[in-house]
Amino acid sequence: MASEVGIDLGTANVLVYIKGKGIVLNEPSVVAVNKDTDEILAIGEEARQMLGRTPANIVAAKPLKDGVISDYDITERMLKYFIRKTCGSGRFFKPRIMVCVPSGVTEVEKRAVREAATQAGGKEVYLMEEPMAAAIGSGLDVTEPDGKMVIDIGGGTTDIAVIALGGIVTSTSVKVAGDKFDESIIRYMRKVHKLYIGERTGENIKQAIGTAFPREEEVSMECRGRDLVTGLPKTVDITSEEVMEALEEPLHLICEAVHGVLEKTPPELSADISSSGIVVTGGGALLYGIDRKIQERTGIEVRIVEDPKSCVAIGTGKALDELDAIQSNSLNRKDPFN
Ligand SMILES: Nc1ncnc2c1ncn2[C@@H]1O[C@H](COP(=O)(O)OP(=O)(O)OP(=O)(O)O)[C@@H](O)[C@H]1O
């Protein structure tokens, strides 16, 4: 029976971490709904397979977008489904649940998430912010007075925060992350190769040959889509250098946001960060060369954590152990937990 559960309710993926068991669920945040009956047909990986391929009466969509909950009701149902799947019905045994929500969620949405987790069987439900979970999950001691900088590059948002004494001192959240990388690749293919590709193809290209900093050896891959001129299927070769060009704008925006946070950071903490370096988490950290790109822009050493995609979920679970320490120390921000 799960007693302490951490959930990373992400724009791209939902991860569930159970104390003593580790990550027990990792599924895309996608839900397929029958529009006529409002019935949920599939959730998670099964629904992701349907993206862009559904008949007219079925929509496969992501209920969280750009770091906010765009479909409230579906998010609630998805969350309940994942909790019940991993923790059982919750009728006899109720776990403590910590949910990490995207940083842009409103008070109303926070309440909805808390309610959904309670209805799904949570005894006590807490919410926490993504960068704090990312820092804890990456093994940083967030209660120390030394300043630490964490950048979490997810699907919808990049969260950048400086943490000290158990609280967030300065932070920002920009709606530029994995999804925007995919969109930039799609746009590039359309403009340069006159090829119309779907979201999943854009993401596949990014994961296979996406590049943020020049590679020693260029790589390439075949890309299939629809020719915008003839309307027929077409295949073109695309190189990592081209993908780097496509990703230039979103990467620039992320680097500028990091710069902005550093500018707002009190000097003592700045000095700590320049000696301890910056930690990068989230699926976007897997983009080739992103560490060197940020390092080039800031002049500060950048480290990618070992398992960037699981980091937030692990941190969310671990945070339940450190709840008292973090809560009592987070006086410098009003409500990292509420
Ligand atoms: N190898 C890879 N190279 C580049 N990007 C990758 C790779 N693997 C995964 N990603 C990207 O990481 C993103 C998902 O990251 P993650 O699971 O951390 O997001 P999330 O926590 O769900 O989102 P958010 O933090 O915005 O709520 C997706 O855009 C995905 O395409």
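Heads up, the Cβ atoms here are built off N, Cα and C, so glycines get one too.
Within the same chain, residues at least six positions away from Gly156 (ATP binding site) with a Cβ under 8 Å of its Cβ are Gly10, Thr11, Ala12, Leu64, Lys65, Asp66, Gly67, Val68, Pro102, Lys175, Ala177, Gly178, Asp179. Here TrEMBL flags Thr11, Ala12, Asn13, Gly155, Gly156, Thr157, Glu203, Asn204, Ile205, Lys206, Gly283, Gly284, Ala285, Leu286 as ATP binding site.
Taken residue by residue with DSSP, Gly156 (ATP binding site) is part of neither helix nor strand, so it is coil. Our reading of the ATP binding annotation (Thr11, Ala12, Asn13, Gly155, Gly156, Thr157, Glu203, Asn204, Ile205, Lys206, Gly283, Gly284, Ala285, Leu286) yields a largest Cα to Cα distance of 20 angstrom.
Listed in sequence order, Ile185, Ile197, Met221, Cys223, Ile238, Val243 are the same-chain residues at least 6 apart in sequence whose CB falls under 8 Å from the CB of Ile205 (ATP binding site).
Neighbour count (other Cβ atoms within 10 Å of the Cβ, all protein chains): 23 for Asn13 (ATP binding site). Listed in sequence order, the residues of the same chain lying 6 or more apart from Gly283 (ATP binding site) and placing their CB within less than 8 Å of its CB are Ala12, Asn13, Ile153, Gly154, Gly155, Gly178, Pro308, Lys309.
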